[in-house]
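Under the heading region 'Leucine-zipper 1', Swiss-Prot lists 233-254. Residues or ranges marked as region 'Leucine-zipper 2' by Swiss-Prot: 270-298. The N6-acetyllysine annotation in Swiss-Prot covers LYS289, LYS911. Annotation comment: Swiss-Prot describes 460-487, 502-526, 660-679 as region 'Disordered'. Among the features that Swiss-Prot reports, phosphoserine is placed at SER521, SER764, with the record citing similarity to another entry. Positions annotated as region 'Nuclease' by Swiss-Prot: 658-813. Per Swiss-Prot, domain 'ERCC4' is recorded for 683-763.
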Amino acid sequence: MESGQPARRIAMAPLLEYERQLVLELLDTDGLVVCARGLGADRLLYHFLQLHCHPACLVLVLNTQPAEEEYFINQLKIEGVEHLPRRVTNEITSNSRYEVYTQGGVIFATSRILVVDFLTDRIPSDLITGILVYRAHRIIESCQEAFILRLFRQKNKRGFIKAFTDNAVAFDTGFCHVERVMRNLFVRKLYLWPRFHVAVNSFLEQHKPEVVEIHVSMTPTMLAIQTAILDILNACLKELKCHNPSLEVEDLSLENAIGKPFDKTIRHYLDPLWHQLGAKTKSLVQDLKILRTLLQYLSQYDCVTFLNLLESLRATEKAFGQNSGWLFLDSSTSMFINARARVYHLPDAKMSKKEKISEKMEIKEGEETKKELVLESNPKWEALTEVLKEIEAENKESEALGGPGQVLICASDDRTCSQLRDYITLGAEAFLLRLYRKTFEKDSKAEEVWMKFRKEDSSKRIRKSHKRPKDPQNKERASTKERTLKKKKRKLTLTQMVGKPEELEEEGDVEEGYRREISSSPESCPEEIKHEEFDVNLSSDAAFGILKEPLTIIHPLLGCSDPYALTRVLHEVEPRYVVLYDAELTFVRQLEIYRASRPGKPLRVYFLIYGGSTEEQRYLTALRKEKEAFEKLIREKASMVVPEEREGRDETNLDLVRGTASADVSTDTRKAGGQEQNGTQQSIVVDMREFRSELPSLIHRRGIDIEPVTLEVGDYILTPEMCVERKSISDLIGSLNNGRLYSQCISMSRYYKRPVLLIEFDPSKPFSLTSRGALFQEISSNDISSKLTLLTLHFPRLRILWCPSPHATAELFEELKQSKPQPDAATALAITADSETLPESEKYNPGPQDFLLKMPGVNAKNCRSLMHHVKNIAELAALSQDELTSILGNAANAKQLYDFIHTSFAEVVSKGKGKK
């Protein structure tokens, strides 16, 4: 990974012992594999891809992302596989897709394309060897992937279906979730492989990496801020429960509020009644989100960034007049005081009286107050420094291991990686000062005081902060001593260090390093930061003088556009030392597999975590939730009753039966004594773009054939006369605002006798187009209800259907089609917005026809007769009033039209003045 040299391409490691066992079981019997996060669901999928990369096979892969597909193809290319998987996208024309399928091998295709190809028999269903499903926890009944699997099983009884997922927690929601997923997958077997599985645990224990847990203590001000935020969170949760007694109390606990999925949990409960909630409840939900962000910023970033966020929150509240109640709590005051105390110190303020301090700070914020900068360093930074120094010391004596080891530092996101890079290259003081200048440029006097103070006190503080005991017996005593922080001192506390004690640093070296840190110019650090990889060669940094030979890479754990970027770095660099600056469960497991796949090669993992913090609690909660999810799955598996016909390899599986005819349906006995009639097969013409929704799947399930074509007018053609335009609520509002719906209604009304607007809404997310107030307040040009009313007035033949779900829509379509002729796909395809091929449009131009309909006395009933008698507007103007009466069949309408055409503008103006 040195500059100028291309990255080494390393093939994926061979399967581990327990993975081989699972593959053998899965080869024997199809099933759903649920493994723990990070334990290699992607490795299992890759192995099955490798097995079927042959022209004699045809294997479809569902639910993969483009980045994952590219990664798998590249890995197979490195392995030397000749018949590589191919990707079927919109770039491949529909006519050439059949040839791609018949060439065999592994096919990555989007769900929409596969659905269309199955329905049009463009894919040879009987030749498909099997289907591999990734992220199987997402396979619900109405999704596209379930539709594909159902079509596959209806046409192919021999092919295999194997599904993989590493998200056990997803099965924890709903009733019998895993059983419903297995039903949609048409599999009978459930394979559970948690981390505590006997085979997994025993194998990984034999090859476990050396782990050094470093529990970093937060500074007193950080602890005070964390306590204040937790108090405010607790108060907000109590108030939320008070305003909404129906909410589940267990899920709204403080422990869950700290975890990552809390936002989804609370929205899950509140979405069905969101439009009914008061402003207070909505404000509380927003406050909870902000407070969770504050907790993350506290442990993740520096003191300046945290204070900047706090001050911006308060400024926003003042600017927009919003009233967040938590800002006026005592805990909020404590949080602001301690956040400011981490950045600067006001000499005149007395810490004994909190209220006076806050008042003084508020008053003096706008004045030229002489502040003494404190710029408290992040304790994890100093812990990272200690780790890097230890690695340097070991690398000096690493000849037995084949030379110095590479170092990989992993942090949560790009921003943290950027800060770590700046900290390593500039040093804490220079980096924080530069950040302070960017954020608070006005306080130039505070910088001068701080620089003077730091130069006087620098050597004494740095010596003490880096001091380590010489013998191991004094380690506990030294740690205890380090926990007590005095005024003006910011020290690192290592409460647990499983490693060799380092030798005492030379005082002169530290002083020299510190001076060089401060003298580093902020401009010397490049501003542009790579988002996916940060390469930092620490040998050029005079502040530390460590890692002269090996390369140090700082990489984000989350947020990369390539999900396998970190995996690539891990296998290409092959680091001997990995520093986990932030705890992330998936990557911890990935490191275990990485170590187990390289037996004999050392790997040391430094685990940096704030002891007793919300960060630690989040990590432990994630572990506990996954363990509980697997325990629940084990209990469900033990009591699960799986029918023999579940796999659908014969005709006895009822899930493969189409149609909804039941025994209690009334029969018309007037027709041949009630004998069963062989009616025509129902069909609906569906626009290609509609296959992104679940409605086509449900229509097909009801026994109605689907003909997918690209329609320009309408989304669904139910009969030769009935055209349906489907809109969701958000789409409806957007189409009404930009005028697109008006144009669509014009086209539908022109070419179909029964144009229909279908408005489909989600039952779990109710909505209200009108408020609870009086109706007259809603009548306006901007109101949705008013626009819908105008639309119906403009198009009298337009019918509006309201459906609470796609299931209800499918049932409604079936009822609308009863005893009606079937639509013709070729005719529907020929209709375009400018089409003139229909019988009604062969004689008349749409433009003049619309113009004619806007004239007084002309309506939809007499318009056709009028156009039949006159060729153009000029002929119409030449007709007398009697002739118009005979054509229109109504004297009043004829008089209105005649007066409109022949009355001059001057006469109209004079009549208007006369009325006044």
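The first residue you see is number 1, and the count goes up from there.
Cβ coordinates come from backbone N, Cα and C, glycine included.
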Cβ atoms near LYS289 (N6-acetyllysine) (within 10 Å, other residues, all chains): 13
LYS911 (N6-acetyllysine): tally of other CB atoms within 10 A of its CB: 10
Residue distribution over DSSP helix, strand and coil in the domain 'ERCC4' (683-763): 34 helix, 26 strand, 21 coil
Secondary structure composition of the region 'Leucine-zipper 2' (270-298) [DSSP: H/G/I, E/B, coil]: 27 helix, 0 strand, 2 coil
Pairwise Cα distance for LYS289 (N6-acetyllysine)/LYS911 (N6-acetyllysine) [Å, integer]: 65
